[in-house]
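Annotated features in Swiss-Prot:
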- I49, K50, N115, E124, R140, Y141, S190: FMN binding site (BINDING)
Amino acid sequence: MNVGIFIPIGNNGWLLSENAPQYKPSFELNKEITLTAERYGVDFVLSMIKLRGFGGKTEFWDHNLESFTLMAGLAAVTTKIKLFATAASLVMPPAIVARMASTIDSISNGRFGLNLVTGWQRPEYSQMGMWPGDQFFGTRYQYLSEYIQVLRELWGKGQSDFKGDHFQMDDCRLSPQPQADMKVICAGQSDAGMDFSARYADYNFCFGKGVNTPKAFAPAAEKLIEATRKTGRHVTTYVLMMVIADETDEAARAKWEHYKAGADHEAIAWLGQQGAADTRSGADTNVRQMADPTSAVNINMGTLVGSYATVARLLDEMAEVPGTEGVLLTFDDFVQGVAAFGERIQPLMKSRVHVQSPVPSQAEAERLAA
């Protein structure tokens, strides 16, 4: 199973809590996390794009770096790990994104890929006068379908004359083209989003669900398998999960309860209001899950809480779900969490025995000792 890190491009990572670690994003912080991940053989890092936060006492996501420029910097200081930036498609024309991606492909020597998002939080775009109106919720994947076709044409042949409802290319050129096949990620959860991923993406992200229920996301993975049967393409699932680990299950659970007790209710309320704005996409969108009050303290991503051994076992169970190629991990404390993953969790994972790391897998160590 592949493992990626969802690096903290926004303040406080993914915990809306006064009791969680409080920090601002910086290049140095993300460089430290990425270099640690690379050292332990983690496969990739991905940064989101967020143009306006949720406020509240913790000023959640009010402080953010920009995804492409951050990943360009990380490309220059890494050698092996793959890097994915996120394009806010509403405000970044596809021809410009194609060129930026090709540039980071050059910096990284072919280690770059792209995460495409449609945009769901109206204030991110209305603050710039660039929100197209709430009807966009119902047409956003048609828009993104044209967007990615322009990207693929420019990356593939260096020229596009694409004509659609949203984009009109007139002998648009791109050179140099990427040296590596440019992989594209989407996070489609609704029927329209899943159909888009099955047609155009290489990987589809979905949210994990619940606390210590590692296979609860399986219906989303099966839904993607069904969608790709219609398109005849190979697209795999990656699952977003938060890891809260410690020496014992009890210590990890105490941290989780402490974070929940400090929930930033003002920021959570803002998230709920923004999630309710989309009345056109159905009840199964990612933002609907994010805003659910059940575990909004970490935007309802699946959460693994336990000892290092418990978390390793739960991650291995996730790898057993058909169609699942990997996980995208967040941590309560990224600096400590990524190091603990490499030192204490990954060596216990049966699904990671192939990884080249300074800390060998327990299974490999036992094999060599036999």
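Just so it is clear, glycine is given a Cβ too, placed from its N, Cα and C backbone atoms.
Largest CA to CA distance in the FMN binding set (I49, K50, N115, E124, R140, Y141, S190): 21 Å, whole number. Secondary structure at E124 (FMN binding site), taken from DSSP and collapsed to helix, strand or coil, is helix. Under the three-state DSSP scheme, N115 (FMN binding site) falls in the strand class.
A C-beta separation below 8 Å, combined with a sequence spacing of at least six in one chain, links E124 (FMN binding site) to K50, L51, R52, A88.
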